[in-house]
Amino acid sequence: MSFDPNLLHNNGHNGYPNGTSAALRETGVIEKLLTSYGFIQCSERQARLFFHCSQYNGNLQDLKVGDDVEFEVSSDRRTGKPIAIKLVKIKPEIHPEERMNGQVVCAVPHNLESKSPAAPGQSPTGSVCYERNGEVFYLTYTSEDVEGNVQLETGDKINFVIDNNKHTGAVSARNIMLLKKKQARCQGVVCAMKEAFGFIERGDVVKEIFFHYSEFKGDLETLQPGDDVEFTIKDRNGKEVATDVRLLPQGTVIFEDISIEHFEGTVTKVIPKVPSKNQNDPLPGRIKVDFVIPKELPFGDKDTKSKVTLLEGDHVRFNISTDRRDKLERATNIEVLSNTFQFTNEAREMGVIAAMRDGFGFIKCVDRDARMFFHFSEILDGNQLHIADEVEFTVVPDMLSAQRNHAIRIKKLPKGTVSFHSHSDHRFLGTVEKEATFSNPKTTSPNKGKDKEAEDGIIAYDDCGVKLTIAFQAKDVEGSTSPQIGDKVEFSISDKQRPGQQIATCVRLLGRNSNSKRLLGYVATLKDNFGFIETANHDKEIFFHYSEFSGDVDSLELGDMVEYSLSKGKGNKVSAEKVNKAHSVNGITEEANPTIYSGKVIRPLRGVDPTQIEYQGMIEIVEEGDMKGEVYPFGIVGMANKGDCLQKGESVKFQLCVLGQNAQTMAYNITPLRRATVECVKDQFGFINYEVGDSKKLFFHVKEVQDGVELQAGDEVEFSVILNQRTGKCSACNVWRVCEGPKAVAAPRPDRLVNRLKNITLDDASAPRLMVLRQPRGPDNSMGFGAERKIRQAGVID
């Protein structure tokens, strides 16, 4: 469309108002604005007028759609249509502004390119809302209505002015100010938990964030490291912390993408077993991969499939993990290839699994005398090992103790691969010249130090008239009894894989040395299948198994004199063997001092208190005199009643006697002074008010009451205490009634029941009544009871 300004009916006017023109001027709003012309929407009437940009009095760059203008109306000379001339921009009126608080409902899209870039003034809009008098109102806004260089997001809290377009009547928001950004919810994984707080590994950046347990919205008992959570980040004291922590379904947060394809590479740097103080790299390991361009991938201690020790030069297979947050690549799911031992410089050894414990075990080595410790985590290929399995392994020093070795990288071998030695089928006879000892008896933990090195024993034997000697080890002895000096044994001779070495194996005891010394002792303790013997010096006890007793075990009683020999079993522990009953200790030949002393037990026998180290008990004289405070030992022989259980603190009377081969003065004929009252009597048993150990009542059976007396509650009694060796519980025996207790008097009816009976009103119609629905009858359908009811005395059975 062409336009000629000279065609306007302006009567020679220059087109610009000088303030003296009397022409009628109107107002309107720029509705459309193009490069050289535009259109105005009139405010006072429904009309849309064309105008040429040359008719605008001012900088055209400041004119935009929506601006208020003042103009005159003229007509196009050629077409006769009304047009606007002499345009002047009207300054906006200043109205009192009321600012409203609200929030963004729909944000203006960011980086949205206009489909018609040639059309200025057309920009995308968003919407906000506010509340007034319980109603919610929605307004539109554009990015130009936002103050400052701020990009609003949905949910942001804002403050704005309501603008009412007087020309179009449209209401919008302008002068928008951001009050508070919406708190974004982040996701992560709980990576550490302390006493009252923890840390979350964030899913958006490679960073950990602190959280306090009070911020967890849920059951804290169920929260554990590895759980997926979402949270809000807040700033407290200048530090970011996680708040409003909530659980997410497992698997929601994914940090990395793991390749499906497997790769192979070579370990160039291993993770140190003991990290240095300056070690800050969380992925210290390195694996070289032969891609088109060779590269090294890092890995950490959690990236291996198992805990098997990696060595430099190992050939491994792995996946590549790519972190979504920073795109860092690392090797993961690392497993050692079976052919890796061809490329490493390690010395491999062989052996057989000798023992298995909880999480660790021991290997009997082919080339070493000592058993080699190993941990289950060092087993390759996830195999489960059993005792006698043949294995191959590498020996390395322990990181915590250089003097101790252990086996790593254990590989299971086929049966028949390992051979310790070749031995002849011929059996030899010999005599033990030196006993063999173990190194560490009953080793259950690899952290226990060696108490004593193992020592080989020596066997003297005759081979074709030539007297020879050969070494043997305690582990090669068959049976539970170790041979002692002078014992006859049978054995085989084996050649170890290490050349030039012979050793006796499969050593079996044939007979004890007939000249072995026989000792006397006294039965001190009897358990289910073993017991202890008090030595002739009465200062210690010796273990013996019932299988070593010649005779009926049931005939053994505490205090019986026995004869025995000493033997060393596995673990260098001394025990009694070939136990024979001699004669009763009651016929003791030593003469006791006739003086009777009063004393107090200050230490019981070890059989009563197994926690104490010393076997002997101790009694202190408490009666006035020159000997008050003197202490004398005692054993099972010194007890008047061998089954009596003397406890610490009990009062006793005793005599003194010189006993034992070392002529020691000891307490003898010890009798406890116990007196207490009967707590209660049941049918066939009762309880005495006497404290024994943790129990404040002492049990007794009625058959233990002497002279057939029927005890009543409150009776004062004397008694002995015996210890059940099988159950470890004490009970009373030999119960004598010293004096009767007070007779039980029937207690009167309590006042509360008497008062209640007095207050019952039988005539009250509202009172609860008891109605008989069915009369009682006996089994034969008769009424009443055949036997007369009698008053029964408590504790007496008819």
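Including glycine, each Cβ sits where the backbone N, Cα and C put it.
These features come from Swiss-Prot:
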type	residues	note
CROSSLNK	Lys91	SUMO2 cross-link
DOMAIN	26-87	domain 'CSD 1'
DOMAIN	136-179	domain 'CSD 2'
DOMAIN	186-245	domain 'CSD 3'
DOMAIN	297-337	domain 'CSD 4'
DOMAIN	349-410	domain 'CSD 5'
DOMAIN	447-507	domain 'CSD 6'
DOMAIN	519-579	domain 'CSD 7'
DOMAIN	610-670	domain 'CSD 8'
DOMAIN	674-735	domain 'CSD 9'
DOMAIN	748-789	domain 'SUZ-C'
MOD_RES	Lys81	N6-acetyllysine
MOD_RES	Ser123	phosphoserine
MOD_RES	Ser276	phosphoserine
MOD_RES	Ser514	phosphoserine
MOD_RES	Ser584	phosphoserine
MOD_RES	Thr761	phosphothreonine
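In space, Lys91 is the closest of the recorded positions Lys81, Lys91, Ser276 to Ser123 (phosphoserine), judged by Cα positions. If one looks beyond the domain 'CSD 4' (297-337) by at least 6 residues along the same chain, the residues whose Cβ comes under 8 Å of a Cβ in the stretch are 203-206, 254-271, 281-287, 289, 343-346, 377-380, 382, 396, 408-409. Mean predicted confidence for the domain 'CSD 7' (519-579): the pLDDT average there is 83. Residue counts of the domain 'CSD 9' (674-735) by helix, strand and coil are 6 helix, 32 strand, 24 coil (DSSP-based). Ranking the recorded positions Lys81, Lys91 by how many Cβ atoms sit within 10 Å of each one's Cβ puts Lys81 at the top. There are 13 other CB atoms within 10 A of the CB of Ser123 (phosphoserine), with all protein chains counted. Look at Lys81 (N6-acetyllysine): DSSP puts it in coil.
Sorting each residue of the domain 'CSD 4' (297-337) by its DSSP state yields 0 helix, 21 strand, 20 coil. Mapped onto DSSP helix, strand and coil, the domain 'CSD 3' (186-245) counts 6 helix, 36 strand, 18 coil.
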